[in-house]
């Protein structure tokens, strides 16, 4: 019987690759997505497609209104999504999003008896979010083992971030080898209802540059 793992699945390029890698590692993957009030809801439809295509045992979508707090261009329509690189942490950072998602994954893992959680964060070709850094992942794993019944009873809980030190091109090559159909993923911060990308935001830039560096055709559909 395969061991269970929780895989955080946004519907984007990175999380799809993380799911494929977890499956390749021999886990029965339970995919978890978060409907947090993001403007790019097309990624949730993409997550459902990817969970099915990549053999997830189960896919759940948790609704949690982080958008009620605002504070991010991804949850507040009055804040424009930047279309050029900015210094510092950009307004597309969603406060505590990865912390909340990992906490939900941890709760589900305890219920299922899973000891492994996968998250597709990256600290090489990324937008500079503080909750994508290795220090954060390491700290959350320590907390998980202190704050759970499983951890206190001696079961080692592990937070896997297999993409953390890979370039976007390396991620794309890895996922392609594992059968990820990147045409089904949505990365754009302001994708339209059909999942077509704007081609101008930071997520689109990183994705486009990644395919270019990988020497592979970019399957992204653009709105214009």
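Just so you know, glycine gets a Cβ as well, placed from its N, Cα and C.
Listed features, source Swiss-Prot:
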- 9, 10, 11, 12, 13, 14, 15, 16, 17, 18, 19: ATP binding site (BINDING)
- 188, 198, 201, 204: Zn(2+) binding site (BINDING)
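Features recorded in Swiss-Prot, as mapped to the structure shown.
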residue: 9; record: ATP binding site; DSSP (3 states): coil
residue: 15; record: ATP binding site; DSSP (3 states): helix
residue: 188; record: Zn(2+) binding site; DSSP (3 states): coil
residue: 198; record: Zn(2+) binding site; DSSP (3 states): coil
residue: 204; record: Zn(2+) binding site; DSSP (3 states): helix
Entry from the binding-site residues list 13, 19, 188 having the most other CB atoms no farther than 10 A: 19
Residues satisfying Cβ distance under 8 Å from residue 15 (ATP binding site), sequence separation of at least 6: 7, 8, 9, 47, 119, 120
Residue 201 (Zn(2+) binding site) versus residue 19 (ATP binding site) - Cα distance in angstrom: 25
Sparsest-packed of the listed binding-site residues (9, 11, 17, 204) - C-beta count within 10 angstroms: 204
Candidate with sparsest Cβ neighbourhood (10 Å radius) among 198, 201, the listed binding-site residues: 198
Additional residues around ATP, ordered along the sequence, whose Cβ is within 8 Å of the centroid of 9, 10, 11, 12, 13, 14, 15, 16, 17, 18, 19: 47, 50, 120, 185
